[in-house]
Amino acid sequence: MAQSFTQEYLQIPAVTRAYTTACVLTTAAVQLEFITPFQLYFNPDLIFKRYQLWRLITNFLFFGPLGFSFLFNMIFLYRYCRMLEEGSFRGRTADFVFMFLFGGVLMTLFGLFASLFFLGQAFTIMLVYVWSRRNPYVRMNFFGLLNFQAPFLPWVLMGFSLLLGNSIVIDLLGIGVGHIYFFLEDVFPNQPGGKKLLVTPGIL
């Protein structure tokens, strides 16, 4: 049993495995009270004045306490991150890491002005958005209630988040950053006079 779990775990693509594992371990550490969310959240003053640089990363790793919201986010994060890595980014791990960095930097810049404390959910929505735009003809079913084409998925998730009483600012941020990446990577280079603006650094 343990061996089969290990084999299954090691078959997960590297970037998806690393990110989802970091998210689960961070949440576990908070649940076990080794750390608190106050040590993880995005706080520009603490980052730039007290050099708590880890907050630039940890705010993407914590999705709240164990519960429905956490499981929901983890399922979507794992599913769409893996499908992207095994699909349009197959054999292009460096490009996938660059998308992570591009999205993370943009969200951090927006976070400076929007007073957002945790950006992991926005990052998940970004991954869902990019996947949905690259798979426009896939039919989706949401909890057996709604049937729609893949490009509507981020908006359906935003509506579901609204029904749960959550702010949609974080969802809009994920959709916005996802659209910027999709436009620069997939749309603009194919326009007359367009060119590829997002070039993965050689160091990756």
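The backbone N, Cα and C atoms fix where each Cβ goes, glycine too.
What you see is a predicted model, and the numbers here were worked out from it, not measured in a lab.
Marked as transmembrane segment by TrEMBL: 56-78 (among others).
Positions annotated as transmembrane segment by TrEMBL: 98-131 (among others).
Beyond the ends of the transmembrane segment (152-182), by six or more residues, the same chain brings 69, 76, 99, 102-103, 106-107, 110, 114, 116, 119, 121-130, 132-134, 140, 142, 146, 198 to within a C-beta distance below 8 angstroms of the stretch. As annotated by TrEMBL, transmembrane segment applies to 152-182 (among others).
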Using a Cβ-Cβ cut-off of under 8 Å, list the residues of the same chain that are 6+ residues beyond the ends of the transmembrane segment (98-131) and lie near it.
15, 19, 23, 37, 40-44, 56, 59-64, 73, 76-77, 80-81, 83-84, 87-89, 150, 153-154, 157-158, 169-171, 173-182, 185, 198, 200-201, 204
